[in-house]
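Q: A single structure is presented below for examination.
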Amino acid sequence: MGSKASAPGKAILFGEHAVVYGKPAIALAIDKRATITIKESHRDYTRIKSDDLDLEAILSPETGLKLKKGEMGILNYILKALEFYHDSTPINIKLKISIPIGAGLGSSAAVTVATIAALDNYHKRKSTLPSIARRAHRVELEVQGAASPLDTSISTHGGLIYLDKEKIEQIKGDLKDSLVIGYTRSEETAKMVKLVKERMERHPQIMNLIMDAIAHITRKARKALKSDDKECLGELMNINQGLLDAIGVNSKSLSEMIYTSREAGALGSKITGAGGGGSIIAYSHPDRTGQILESLTARGYNAMKANPSTRGVLIQ
Ligand SMILES: Nc1ncnc2c1ncn2[C@@H]1O[C@H](COP(=O)(O)OP(=O)(O)O)[C@@H](O)[C@H]1O
Ligand SMILES: C[C@@](O)(CCOP(=O)(O)O)CC(=O)O
Ligand SMILES: [Mg+2]
């Protein structure tokens, strides 16, 4: 008997980093997913394999974990999720992933959510979406040391959400054919969250004011999305970007992608995710996305159109 589950990556429209300090954020699931397949194993060890990442590891109670190919990184999330089950019966775990990894698009959350859902299903455990999101958040917290529930919530529930503390509101916004993502490989999320924390410790008053300003922007963006006020939404993204720069998560390549997309007609563009490298998101009228994509790729950046996905985690 096998089991298969998938979960989407995400892009944060407003409020990354501030969300770690309890401020609201807006994020959407995108049409790129992580898929976990679990099958029974006839060997005496568990094997975790991903052809997409050229990754292979084996895990046995006697010898522990052995990495045969690739990098540990994303494996930590799968291993932490496995710990919930207190069951070392060998299984084969396969990961397929179309989300660019370590690029601020929530690959770690998507892999975690898909792993938990596939394991629940494999062990015939009935689970609810809030329970999957809660456990996935715990995994991110334990692996990274700090994480808000944003990535794991959006990957579990899908759609476009306004998250305020633990409360999730699905909002209707028209973002179809309006988003382009430019990405390079980023610094790890945990490192960027730590850098912000250190700046917070050095300049608490200033940083708290900035976090409050980001919260105001995010609340206003929720209204702009609902009323489909595109100009306002774009301008709010640009203001949010200025503040992300101020908290220390910008970089030269991110800035270049941001200005390239604005020159190509974006109404707004900003870092999405942890920053430091990673991704930008550009928002525009649908007839400008092609030009934005072209301008970014002409400068040697990876870029893709991203559409909102209403589908969160799926057992397949
Ligand atoms: N090729 C790779 N193989 C395995 N793990 C990777 C690879 N590239 C990056 N990683 C790991 O994947 C994880 C990505 O998570 P994160 O930094 O939160 O970025 P995101 O979730 O935005 O993709 C990190 O732990 C990183 O070390
Ligand atoms: C910076 C942060 O707000 C988002 C990080 O997103 P990502 O891991 O870069 O996809 C951290 C968090 O919310 O836990
Ligand atoms: Mg992540």
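The backbone N, Cα and C atoms fix where each Cβ goes, and this holds for glycine too.
TrEMBL annotations: computationally assigned, not manually curated.
This is the feature table in TrEMBL:
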type	residues	note
ACT_SITE	ASP151	active site, proton acceptor
BINDING	PRO100, ILE101, GLY102, ALA103, GLY104, LEU105, GLY106, SER107, SER108, ALA109, ALA110	ATP binding site
DOMAIN	76-159	domain 'GHMP kinase N-terminal'
DOMAIN	221-301	domain 'GHMP kinase C-terminal'
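Could you give the neighbours, burial and distances for every feature on this list?
A: According to DSSP, ASP151 (active site, proton acceptor) sits within a helical segment.
Cβ contacts within 10 Å of GLY102 (ATP binding site), excluding its own Cβ and spanning all protein chains shown: 23.
Sorting each residue of the domain 'GHMP kinase N-terminal' (76-159) by its DSSP state yields 48 helix, 7 strand, 29 coil.
Mean model confidence of the domain 'GHMP kinase C-terminal' (221-301) amounts to 96 (pLDDT, 0 to 100 scale).
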Q: With helix taken as DSSP H, G or I, strand as E or B and everything else coil, how many residues of the domain 'GHMP kinase C-terminal' (221-301) land in each class?
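A: Each residue of the domain 'GHMP kinase C-terminal' (221-301) counted once, the result is 48 helix, 10 strand, 23 coil.
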Q: Taking only C-alpha atoms and a 10 A limit, tell me which of PRO100, GLY102, GLY106 are near ASP151 (active site, proton acceptor). These are the binding-site residues.
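A: Correct set: GLY106.
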Q: For the binding-site residues PRO100, GLY102, GLY104, SER108, which residues place their CB under 6 A from an atom of ligand 3?
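A: The binding-site residues passing the 6 Å Cβ test are SER108.
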Q: For SER108 (ATP binding site), just count the other CB atoms lying within 10 A of its CB, please.
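A: If we count other Cβ atoms within 10 Å of SER108 (ATP binding site), we arrive at 29.
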